């Protein structure tokens with residue numbers, strides 16, 4: 001085994017099991033390991049939903065158990081400026097953003113990477129993400145994590161090969177049950193802690209109540225696909241394509257009797273469009289246009305490319321044809337119509353196991 005004892009790795013400790021086991025595995029590999037806990041949210045620290053204090057306590061307990069130092073850093077202003085304001089702007093515009101992707105881009109692989117290198121003299125950073133990296137033709141590529149259920153490459157498509165060269169992903173080649181087994185074996189307090197599912201760094205609070213604090217509601221009408229008014233909505237920002245819950249529309253006598261689903265948002269008229277049945281034709285798209293493109297190799301495809309695409313996390317990839325124009329837009333045509341393709345979300349492209357990059361869905365092609 002190569003001697004890693006002079007190589008310093010700073011692990012982003014979230015207080016969860018994945019980063020805990022990442023730190024342990026790196027120690028087993030002989031690296032000089034230290035932890036870093038990032039505080040990224042200042043609002044409502046007394047809020048019952050805010051688990052940051054518990055997460056810090058868990059991160060401290062794990063580092064103590066492993067015998068490594070834990071540094072803390074406050075990135076709340078960076079988070080507010082670069083992640084949260086974007087998140088609010090997108091919702092205000094009626095789109096459905098993915099803050100986790102922006103958080104990885106601006107906080108975990110920018111602010112954290114810079115702080116670790118400059119303030120802590122790190123050679124590498126490490127995170128508990130389920131992805132892998134591999135060296136191909138003298139350049140790092142990003143591969144899906146070995147655990148298909150947990151692969152997080154969708155959230156990391158904004159990384160470049162330079163980021164990958166400076167980052168280790170110790171649990172990327174392990175399946176989640178094995179990660180929990182290692183944590184339990186090593187008596188790490190996080191071994192049975194449930195995975196977080198809330199908005200990145202904001203925790204699991206009631207989303208609507210949270211959004212209402214920052215954005216004024218803009219009520220409007222709900223129409224069916226024939227333009228008939230069937231109800232009222234409190235704001236387009238509270239709804240996403242394919243949504244069924246929370247529409248407050250009863251069955252209509254002349255309707256099919258099937259449940260109502262959001263099939264479109266008319267932003268200009270502030271109208272929510274609904275259709276009956278979970279497979280309503282208006283829910284399907286033949287393709288999409290994406291912008292704000294990022295390519296892991298920083299170059300991207302120069303010609304029409306056959307690849308696969310994910311338009312939401314944990315979706316099975318769909319085969320597509322991708323063409324990047326000179327205007328900075330990607331035109332993506334699916335082999336089969338795809339359901340609930342949502343502007344504001346990310347489209348992420350793959351060639352087999354390699355994550356090529358992606359962009360933000362700007363519009364759908366019907």
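All positions are counted from 1 along the displayed chain.
Cβ coordinates are placed from backbone N, Cα and C, and glycine is handled just like the others.
Values in this document were obtained by computation on a predicted structure and should not be read as measured data.
The DSSP secondary structure for residue 103 (active site, nucleophile) is helix. What TrEMBL lists as active site, nucleophile is 103.
For 200, the entry in TrEMBL reads active site, cysteine persulfide intermediate.
Here the Cβ of residue 14 (ATP binding site) has 23 other Cβ atoms within 10 Å, regardless of which shown protein chain they belong to. The ATP binding site annotation in TrEMBL covers 12, 13, 14, 15, 16, 17, 18, 19, 38, 128.
Among the features that TrEMBL reports, disulfide bond is placed at 103-200. Residue 103 (active site, nucleophile) counts 25 other C-beta atoms within 10 Å of its own C-beta, drawing on all protein chains shown.
The feature domain 'tRNA-specific 2-thiouridylase MnmA-like central' is assigned by TrEMBL to 208-276.
What TrEMBL records for 287-361 is domain 'tRNA-specific 2-thiouridylase MnmA-like C-terminal'. Residue counts of the domain 'tRNA-specific 2-thiouridylase MnmA-like C-terminal' (287-361) by helix, strand and coil are 0 helix, 48 strand, 27 coil (DSSP-based).
What TrEMBL lists as site 'Interaction with tRNA' is 129 (among others). A 10 Å cutoff on Cβ-Cβ distances gives residue 129 (site 'Interaction with tRNA') a total of 27 other Cβ atoms nearby, all chains included.
Taken from TrEMBL, the feature site 'Interaction with tRNA' applies to 345 (among others). If you take the C-beta of residue 345 (site 'Interaction with tRNA') and look for same-chain residues 6 or more apart in sequence within under 8 angstroms, you find 96, 97, 98, 311, 312, 360, 361.
For residue 129 (site 'Interaction with tRNA'), the nearest of the recorded positions 14, 16, 18, 38, 103 in terms of C-alpha separation is 18. Taking the binding-site residues 12, 16 in turn and counting surrounding C-beta atoms within 10 angstroms, the largest count is reached at 12. Each residue contributes its Cα atom, and for residue 38 (ATP binding site) and residue 103 (active site, nucleophile) those atoms are 12 Å apart.
Each residue contributes its Cα atom, and for residue 18 (ATP binding site) and residue 103 (active site, nucleophile) those atoms are 18 Å apart.
Helix, strand and coil residue tallies for the domain 'tRNA-specific 2-thiouridylase MnmA-like central' (208-276), in that order: 10 helix, 23 strand, 36 coil [DSSP].
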